[in-house]
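The transmembrane segment feature in Swiss-Prot is assigned to 8-28, 46-66, 68-88, 101-121, 139-159; the stated evidence is sequence analysis. The active site annotation in Swiss-Prot covers 125, 143.
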């Protein structure tokens with residue numbers, strides 16, 4: 001592995017590890033709850049905004065889609081991870097720094113969720129946001145990494161005047 005890509009690789013492992021540890025902590029804490037306590041581990045309410053930590057499981061892709069296709073979905077996810085990792089490895093030197101950061105975030109999130117599927121057979125979600133009656137589907141840090149990485153990549157592609165510098 002070239003030394004230039006080592007920080008990216010270490011960041012990828014660090015982010016995936018943070019995701020796995022956060023899920024482990026939530027699962028361990030939820031096992032300590034008594035059957036008579038509330039289902040959430042933490043709550044913060046500010047006006048009409050609320051943030052809760054509630055463990056839940058997702059057997060499908062985003063929003064539980066394709067839950068009935070577990071094996072094809074896992075194969076697809078692994079292929080996407082391998083494809084992105086290969087692309088990042090081959091094109092590393094020519095990629096714009098923002099593109100490398102975005103792809104690293106996306107890969108870290110994908111690794112975090114695939115690790116869950118391999119370990120538990122489903123993804124552990126635990127972050128829940130709501131505002132008034134609007135409720136966002138529960139998610140985890142891996143999902144946040146994927147979303148932030150995707151937004152960074154789209155923003156960079158959109159605002160980069162020289163598109164050649166992105167890829």
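Cβ atoms here come from the backbone N, Cα and C positions, even for glycine.
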*Tell me the Cβ contacts of residue 125 (active site) under 8 Å, same chain only and six or more apart in sequence, or just say none.*
55, 56, 57, 58, 137, 138, 139, 140, 143
_With every protein chain in view, what's the tally of Cβ atoms within 10 Å of the Cβ of residue 143 (active site), excluding that atom itself?_
20
*For residue 125 (active site), which DSSP three-state class applies?*
strand
*asked:* Going by DSSP, is residue 143 (active site) sitting in a helix, a strand, or coil?
replied: helix
